[in-house]
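Down below is the structure, laid out as structure tokens.
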Amino acid sequence: MAVEEGIDDYTQDGTVDLKGNPVRRSKRGGWTACSFVVVYEVFERMAYYGISSNLVLYLTRKLHQGTVKSANNVTNWVGTIWITPILGAYVADAHLGRYWTFVFASLIYVTGMSLLTLSVSIPGLKPPPCHQANIDDCKKASTLQLATFFGALYTLAIGTGGTKPNISTIGADQFDDFHPKEKASKLSFFNWWMFSIFFGTLFANTVLVYIQDNVGWTLGYGLPTLGLVISVMIFLAGTPFYRHRVPAGSPFTKMAMVIVAAARKWRVPLPSDPKELHELDLEEYARNGKFMIGSTPTLRFLNKAAVKTGSTDPWMLSAVTQVEETKQMLRMIPILIATFVPSTMIAQINTLFIKQGTTLDRHIGNFKIPPASLAGFVTISMLVCVVLYDRFFVPVIRKWTNNPRGITLLQRMGIGLVLHFVIMAVASLTERYRLNVAKQHGLVENGGQLPLTIFILLPQFVLMGTADAFLEVAKLEFFYDQAPESMKSLGTSYSSTSLGIGNFLSSFLLSTVSDITQRDGHEGWILNNLNKSHLDYYYAFFAVLNFLNFIFFMAMIRFYVYKAEVSDSMHVLTEELKVMRLKASNQEAAKGIA
């Protein structure tokens with residue numbers, strides 16, 4: 001009986017310890033392991049947002065860059081931050097595994113943060129102070145100064161490329177999909193994961209930006225660097241409790257094999273019975289901690305890759321499971337595309353929204369609010385909404401829908417997309433009001449500060465946090481949940497890729513609109529003097545873009561087929577358990593003999 005309980009205690013999802021041995025559920029994983037991962041994320045997000053939240057003001061005030069240039073430098077860097085996880089996911093899935101990829105990348109991350117702190121601290125690495133109203137009259141940063149500052153920023157970006165796609169995946173890996181209680185806990189993991197992210201963000205957007213604006217950039221950047229070092233130490237302290245997955249091979253190569261094999265056999269007819277397609281033995285998957293996936297009728301052309309023609313060349317013949325894994329990644333691409341536009345809206349938080357705040361009255365008595373602190377309301381709103389959603393909305397809606405999540409992930413994303421349309425409509429109306437006040441007080445030409453409280457911008461920040469509670473949480477969970485088991489890191493990188501492309505799209509749109517609207521002698525919509533600009537038109541343009549994107553999203557989800565839950569197949573589950581129990585029993589016997 002004791003032996004049987006010991007066998008039952010082993011995880012059934014193929015996770016191992018760092019030495020490659022199967023792990024006991026009672027010894028590793030679960031919320032105990034996740035506590036280290038979640039606490040890491042609080043400190044790491046404090047470090048990242050401690051840099052990014054106020055970056056546009058550092059570029060304008062210290063490096064003397066204009067509105068369009070500074071905003072684009074921010075979004076290009078943030079875009080790189082969110083694109084590099086594709087490389088990190090590839091290294092993790094194909095070579096080093098998630099844990100070691102994260103460890104090595106975190107060292108690069110710390111190096112970048114340290115260099116960045118030095119670049120804002122040493123006088124020779126930044127131009128002299130300038131208090132001119134027109135920044136064009138200020139001395140520009142030298143090539144060496146720019147190279148040092150941006151070199152540090154992009155070193156940091158490379159580091160986050162290895163940490164970001166793997167840390168959330170490592171957290172999710174601590175729950176066994178084949179264990180009912182752990183699988184139920186996993187449904188709440190991503191909500192609380194986002195909670196930890198925005199808790200760290202809140203500290204950065206309040207305390208750190210205040211220090212940067214009122215005490216100095218050395219301390220303002222030094223504290224995030226220290227926070228990052230602490231976060232890495234916390235993660236490493238949890239190593240004895242983690243479950244790990246062994247690298248499953250390059251997902252890009254496996255996908256390419258399927259596509260090439262299908263293309264080379266495009267004239268070969270498909271058999272009427274899917275069982276005639278090539279597939280590996282169940283024991284082969286169980287031995288490697290993988291899952292068998294049955295053939296589906298969607299994207300039927302790719303099924304040709306599994307048609308037997310006599311050749312065993314992996315570029316001519318793929319197993320059904322490999323074909324289905326490729327389908328799963330390809331099916332998500334239209335949904336990924338639909339998230340680019342809202343990611344572009346998020347890019348406005350730390351660029352144009354913050355620049356608007358610099359033109360408004362920021363005083364509460366003798367206290368002066370840093371413009372970037374308004375981003376803290378995005379965090380607060382998101383935190384409140386996540387808790388309300390997880391604790392109240394889901395239990396109530398679940399009774400009507402019988403869905404463990406309350407509503408589907410795509411429905412949750414759709415609500416977020418609608419909110420993004422509302423956000424930009426509100427932002428446009430608010431900006432129109434701000435410009436009218438500037439005209440009434442004769443502050444258009446000199447670009448002076450308006451006698452208008454900064455809190456008129458509060459609705460657009462609060463709504464952005466509400467939208468994040470729906471779209472961003474659902475997006476992260478969707479791409480993780482729908483990715484095949486051997487490509488979870490790549491699936492998670494879809495979420496960060498969305499943010500990356502959204503930031504690059506923001507740079508493109510800002511430059512393009514600025515250029516087009518200044519042609520033929522027009523003053524343009526986006527100028528260094530925001531009181532002469534027309535951000536209200538720009539935001540209205542974004543509202544229209546969000547509306548069109550929502551229509552595209554609704555069209556795409558009509559054709560989307562959710563990935564089948566492999567653990568819902570009792571036949572597959574039973575066979576998997578038999579193999580794993582036999583393996584565990586043999587190991588127990590070997591230990592007894594030893």
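Just so you know, glycine gets a Cβ as well, placed from its N, Cα and C.
Of the candidate ranges 35-54, 335-354, TrEMBL annotates residues 335-354 with the feature transmembrane segment.
TrEMBL assigns the feature transmembrane segment to residues 98-118, out of the candidate ranges 98-118, 455-475.
Looking at 74-92, 302-320, the stretch flagged in TrEMBL as transmembrane segment turns out to be 74-92. Through the fold, the transmembrane segment (74-92) approaches residues 48, 52, 55-56, 59, 98, 101-102, 105, 150, 153-154, 156-158, 160-166, 169, 247, 250-252, 347, 350-351, 489-490, 492-493, 496-504, 506-507, 510 of its own chain, all at least 6 residues removed from its boundaries and within a Cβ separation under 8 Å. By the Cβ criterion (under 8 Å, sequence separation of 6 or more), the transmembrane segment (335-354) is not in contact with the transmembrane segment (98-118), since fewer than 3 such pairs are found.
The stretch from 98-118, 374-397, 409-430 with the most CB pairs below 8 A to the transmembrane segment (217-237) is 98-118.
Spatially, the transmembrane segment (189-211) is not adjacent to the transmembrane segment (98-118); fewer than three Cβ-Cβ distances between them are under 8 Å for residues at least 6 apart in sequence. Between the transmembrane segment (409-430) and the transmembrane segment (537-561), three or more CB pairs separated by 6 or more residues in sequence fall under 8 Å, so the two stretches touch.
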